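> What follows is a structure written as structure tokens; I'll ask about it next.
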Amino acid sequence: MVGRRSAPSVAYFLVTHALFFLLACRLSASQQARNYTFVHDARTAPEISYYDYIIVGGGTAGCPLAATLSQNATVLVLERGGSPYGDPNITYLANFGAPLADASPSSPSQRFISEDGVINARARVLGGGSCLNAGFYSRAEADYISGRDVGWNSELAKQSYEWVEKKVAFQPPMKQWQSAVRDGLIDAGVLPNNGFTYDHMYGTKVGGSIFDTAGHRHTAADLLDYANPDGLTVLLKATAHKVLFHTRGTQGKARPTAHAVVFRDSTGAKHRAYLNSGAHNEIIISAGSLGSPQLLILSGVGPVDQLKAHNITVVLDQPMVGQLMSDNPMNAVFVPSPVPVEVSLIEVVGITHFGSYIEAASGANFGSFPDNDYGLFSPKVRTPQPTTQFYEKIMGPISTGHLELTSKNPNVNPSVTFNYFKHPEDLARCVQGMSTIERVIGSKPFSKFRYDTLSVPQLLNMTATAPVNLLPRHSNSSVSLEQFCKDTVMTIWHYHGGCQVGAVVDRDYKVIGVDALRVIDGSTFNASPGTNPQATVMMLGR
């Protein structure tokens with residue numbers, strides 16, 4: 001009868017709505033359940049406090065580190081940002097880019113521009129970069145894990161990855177467009193097809209994602225689920241200003257020993273957190289590849305000329321702090337699609353033998369932020385058609401730069417130079433990667449998602465004219481792939497170094513030349529692990 005539901009339709013209606021309600025409740029609970037009892041605003045902190053471990057930075061490494069140490073010790077985490085929970089721009093996949101384009105003082109990201117003219121960002125939120133990134137989850141290559149630079153125990157690394165994955169890693173949905181990217185990579189010769197795996201393997205693979213099937217982000221902050229709430233205190237809006245040292249040992253053999261951290265809350269009130277007495281108690285800096293070398297220098301451990309220039313008392317002349325900074329250059333090709341595409345971030349990667357990684361995203365919020373004049377999120381890179389992007393990132397890189405203090409205020413970004421493509425092998429890898437992207441775009445599997453009337457040189461020219469960085473353009477950048485790579489270089493936010501193993505910290509991540517102080521985060525990396533580092537940073541924290 002018209003206007004009347006049949007019994008099966010009513011049943012279907014009730015069941016589906018009940019399921020939807022349960023799912024909504026579950027998702028809501030997953031967000032609200034993380035009102036952790038141990039997380040507090042730093043304004044509530046006492047002026048003086050004591051802990052077994054003090055971790056500076058509640059980011060991608062700091063959160064799993066804190067959860068682990070809290071099982072058998074008292075731990076304080078000082079996070080300069082706020083909570084990621086309840087922020088839709090962090091939670092929802094469709095809002096990717098909004099925090100990175102937000103330049104306000106309360107933003108979960110803090111923008112900086114390297115001396116190379118490339119727009120970049122550092123995290124300022126509990127969970128760190130895992131709250132801002134494109135979500136791809138992939139482990140480091142086996143020879144990175146067991147190699148001489150880090151020499152991790154392979155079995156312990158595997159167990160630690162699995163510990164992380166139980167909370168934050170998911171298999172992505174792989175809809176039409178990402179499937180075309182996968183098939184295009186295979187058609188272009190990036191072989192074999194490795195299917196879905198977290199492991200780093202040559203060829204084309206579907207990797208993991210920290211976005212679940214509902215498009216909700218899971219971050220390193222979720223790993224605090226593992227914490228012992230009686231052993232952990234996390235303070236938000238707590239900015240560390242310096243580590244305090246005293247001297248231990250007999251005269252002539254005295255070594256500086258870290259024993260406290262000075263931090264300020266959002267009102268500017270000063271607090272001090274001290275280590276409890278105990279041979280194993282330590283301060284651990286996990287403030288990221290800008291924040292960790294910056295804090296060491298602010299604390300008097302760094303190049304003596306910088307310390308003297310800023311009137312900082314010299315604790316240890318350590319010339320390698322802030323050196324060997326690297327950022328994996330990313331180059332993109334924007335490809336307008338004649339048909340609608342799903343909103344997807346990174347789900348597929350082509351891992352080549354020549355040292356280039358090919359990734360792609362579609363239909364995301366690129367170019368929809370009117371106050372963002374330059375960079376990947378500038379409205380000037382928008383097209384009227386659905387936009388898709390191919391990305392090329394080189395491994396390593398070999399090129400390195402440095403970081404220098406610009407102010408004694410820890411909220412002020414240091415000056416950073418990455419020297420993109422300074423080494424010719426980095427540039428050669430980019431050229432080979434861009435050539436591979438050309439073949440993928442021209443492949444039969446991808447033909448549905450490109451205009452026949454737009455040639456690859458036209459696509460390159462369209463990308464080259466977009467204001468993705470602050471560098472000058474050259475007229476031949478769409479003809480010469482070398483020039484294209486240099487003119488259109490961007491960041492993929494995988495910068496690292498500044499406190500490298502063997503230069504600033506030893507193989508146990510202890511700061512060389514001082515006691516009771518470690519650095520555990522991406523600033524210790526000599527190269528970026530795997531295609532995307534977040535999985536390995538979380539694993540390292542564990």
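Placed from the backbone N, Cα and C atoms, the Cβ positions cover glycine too.
Heads up, TrEMBL stuff is auto-annotated, nobody curated it.
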> The disulfide recorded in TrEMBL for C485 goes to which of C430, C499?
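Record-based pairing for C485: C430.
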> Round to a whole number and give the Cα-to-Cα distance in Å for the pair C485 (disulfide bond) and Q534 (FAD binding site).
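Counting only the Cα atoms, the answer is 25 Å.
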> Determine which residues of the chain contact the domain 'Glucose-methanol-choline oxidoreductase N-terminal' (288-302) at the Cβ level, with the cut-off under 8 Å and only residues 6 or more beyond its ends counted.
56-57, 59, 112, 122-123, 128-129, 240-245, 256, 312-319, 321-322, 325, 403, 405, 408, 410, 413-414, 416, 495-499, 504, 511, 513-514, 519, 521-523
> Counting other CB atoms within 10 A of each CB, which of the recorded positions V125, C430, C485 comes out lowest?
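Among the recorded positions V125, C430, C485, the lowest count of other Cβ atoms within 10 Å belongs to C485.
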> Suppose we draw a 10 Å sphere around the Cβ of Q534 (FAD binding site). How many other Cβ atoms does it contain, all chains included?
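A count of 28.
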> Cα distance, C430 (disulfide bond) to E79 (FAD binding site), nearest Å?
36
